[in-house]
């Protein structure tokens, strides 16, 4: 294309040179210059006038060439650019073909196991919506189906968090069923529910003992009641001891991940790239720091629960029943405090201990008293709070009201809570 254009330009230039107009107009700018003295002939026998005409012809040629050459070069470059634009995207597109199919491993995981993830709602049977007349939602969370006949695994704090409630489960296809709580281990924060449905999609259980730091994982659940929400990340640690997290009476090495785990997807599965549950989403401390209960520990709980059911009784362990406040909390250990201070400028630099309020149940005494997620409890009834055990001890006290000192950002505040009797 470029060569053909150059050939045509040469033809045009030759025709212009042969044209009388070219020779007649070329001398105009040089007419004021003096002629060769006496008009004597040169060494070739031509007169000075002929020599002058020759010089004018040469200069006219150079002017015309200098005028047209930039356009010729521009045409060549433009042709090259057009040719490159014609072919480069085609080559790039051909190289990218199939990448969605070959490299979307997260989507493959979700497609294989999302149907076994459920949304769990806790309804308060004492408070009703003004317009619908239905019980209001006190709390929500996630779970996943582990048996085709309707057995569901979740966190204990998702379902055992408030008296006078009922549990509803919504499947991935939108169907909703009432659920009964079968087994509870509040020490490890695990529970099972059952709905009266058969032939359900089941989540496969993997092995958490073979996990390595840096492995990709996917957290599935229903944060903010948005079913089948997916977050992804990597395993940050496979051996985060419960003592490091300040969790009372728990002998668990938690999985730490940077996949986002929130209120709604706690209780849902943490899944490896083979589509197997390798943990139960449990809690989030801050952005990039979340924890899950390893599936190997969960299997021990399920085996004990199955043995109890064979004997005709339910498997229930945990703390003695205390008065109810309505929060999920986490002890601020030195390691967790260091992480929080490094990630947030709103953390007081002199804070050395306390309990982080991770979740507040709607309609609970804590909610009515003004506690909010993210508050840090430092004192209750003038007693220093260093871990979650101190909060349980305060609930066991006979005081009617709890005067709680909290930090909300860098601001210190007082709230008063009246716990409910069991």
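Note: Cβ is positioned from N, Cα and C throughout, glycine not excepted.
Taken residue by residue with DSSP, residue 157 (active site, charge relay system) is part of a helix. Annotation for residue 157 (active site, charge relay system): spatial neighbours 141, 189, 266, 328, 359, criterion Cβ-Cβ under 8 Å with sequence separation of six or more. Annotation source Swiss-Prot lists active site, charge relay system at 157 (among others).
The active site, charge relay system annotation in Swiss-Prot covers 189 (among others) and is backed by similarity to another entry. In the three-state DSSP classification, residue 189 (active site, charge relay system) falls within coil.
Around residue 266 (active site, charge relay system), taking its Cβ as the centre, 31 other Cβ atoms fall within 10 Å, counting all chains. The active site, charge relay system annotation in Swiss-Prot covers 266 (among others), and the record cites similarity to another entry as its basis.
According to Swiss-Prot, the feature compositional bias 'Polar residues' maps to 41-51.
According to Swiss-Prot, the domain 'PDZ' annotation covers 325-410, on the basis of sequence analysis.
The feature region 'Disordered' is assigned by Swiss-Prot to 24-56.
According to Swiss-Prot, the feature region 'Serine protease' maps to 139-302.
The feature motif 'IAP-binding' is assigned by Swiss-Prot to 75-78 (among others), with sequence analysis given as support.
Positions annotated as motif 'IAP-binding' by Swiss-Prot, on the basis of sequence analysis: 94-97 (among others).
Swiss-Prot lists 1-17 with the feature transit peptide, giving sequence analysis as the kind of evidence.
The transmembrane segment feature in Swiss-Prot is assigned to 64-82.
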